[in-house]
Amino acid sequence: MNDMALTNRQIFWMMVSMQIIMTILLTTSPAIRIAQQDAWISSVLSTGIGITIAFICGKLCAIFPGQTLIEYSRVLLGKWLGGFIAALYILFWILTLAVILKQFSLFITGTIMPKTPVPVIEILMLIIVLYPTLHGIGVIARICELTGPIILVGVVGPMFLGINEMEWDRLLPVYSDSGYMVIMKGALPAATFLGDCVMLLMLISFVAYRKHTVRHAVGGVMLSGMLALISVIVSIIMFGPNVAASYPYPMLMIVRSISIGGIIENLDAIVITVWIMSIFTKLALYLFVASYGTSQLLGMKDWRKTVWFIAVVAMIMALIPLNYEEISVIFPRKIAIPYLFPVFMAGGPLFLLILALIKRKKMAAPAP
């Protein structure tokens, strides 16, 4: 079986399924730490940035229907320079795959399986991810369609159940304690996670009916960003900005604080199981785009042969960071936000879109 067809609906659920959980888990605390009670404004800005990136990627793919980034980068920049840009994106996706794998394993060992060695979690998860990836992007997409609504319930449900413990005055004062630059800085962590919709540069080529593809892609990123925004607001009004910023995973603390009549409580194991679905789809998508892109770059007919190699490389890279501080604090602050985000997520697609529009305008111009 080699299922390689996508629908617009699947594009929507792929964006939601892969983005929502890790954006909430890993960017809520940094945003609140930077912008305090104004972190919700930062979340609005980061959502807008994510939507813009998704829109740019969608428009770029519309100019080259049926082609991936690996193919049209060579059309725009030539064989060698275009191939170099494509290779950089593949390395970026492999690096991100390794980072997600490490962050996931540390989250699991830090919450529900503290005695399990981190490499064991990484190897088991990667083995599970291999199966749908080897069967094609269509299989991953159908998994996203199935798990997407469940993941939404796993996010919205805990926030709704904790509504009795919320104090809205913790959002005050607005803006006066932070200012524009601080709020912008607070938007960068979530913008970096929402910016991984840049993989649309690979995925949209598999969509057969593309009339509303951009709308569905943007909608998926928008929903993910809105739920991340709600998570920030709920974290602040439940715990206050200082306490919420001190938690590595404020959303997990929201779940653990739920207690309704002594009956509905201790939900963290159930909710974490649902959250794992999102991380699973994210890993599968990164493994696919990195593997498929590598096969296209090298001119290989069977892209599945590269999956095993990419998986091994990602596994080895995931062993390098030693703890939560290195992978979830130092890496985003020193590498992801200052370099990966502006180059690969924001600047790269915009640069290619501008080149594509110039090239199309020249081709449409009448000959003298």
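Here, residue 1 is simply the first one shown, and the rest follow in order.
Backbone N, Cα and C atoms are what each Cβ position is placed from, and that goes for glycine too.
What TrEMBL records for this protein:
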TRANSMEM  12-34  transmembrane segment
TRANSMEM  40-64  transmembrane segment
TRANSMEM  76-100  transmembrane segment
TRANSMEM  120-141  transmembrane segment
TRANSMEM  148-166  transmembrane segment
TRANSMEM  186-209  transmembrane segment
TRANSMEM  221-249  transmembrane segment
TRANSMEM  269-294  transmembrane segment
TRANSMEM  306-324  transmembrane segment
TRANSMEM  336-358  transmembrane segment
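In this chain, the transmembrane segment (269-294) touches the transmembrane segment (12-34); three or more CB pairs sit within less than 8 A of each other, excluding pairs fewer than 6 residues apart. Note on the transmembrane segment (306-324): residues 94-95, 97-99, 101-102, 105-106, 110, 119, 122-123, 126, 129-130, 133-134, 248, 287-288, 290-292, 294-295, 298, 300, 331 of its chain, located 6 or more positions outside it, place their CB under 8 angstroms from a CB of the stretch. Scored by C-beta pairs under 8 angstroms, the transmembrane segment (76-100) has its highest count with 269-294, from the stretches 148-166, 186-209, 221-249, 269-294. Count of Cβ pairs under 8 Å against the transmembrane segment (221-249): among 40-64, 120-141, 148-166, 269-294, the largest is for 40-64. Pairs of Cβ atoms less than 8 Å apart link the transmembrane segment (120-141) most often to 269-294, out of 148-166, 269-294, 336-358. Counting same-chain residues at least six beyond the ends of the transmembrane segment (148-166), those with a Cβ under 8 angstroms from any Cβ of the stretch are 13, 16-17, 20-21, 24, 227, 230-231, 234, 237-238, 251, 254-255, 257-258, 260, 264, 267, 271, 274-275, 277-278. Within the chain carrying the transmembrane segment (40-64), a Cβ under 8 angstroms from the stretch's Cβ atoms is held by residues 15, 19, 27, 31, 34, 71-72, 75, 171, 174-175, 183-191, 194-195, 197-198, 200-201, 204-205, 210, 213-214, 217-218, 220-222, 224-226, 228-229, 232-233, 236, 345-346, 349-350, 352-353, 356-357, 360, all 6 or more beyond its ends.
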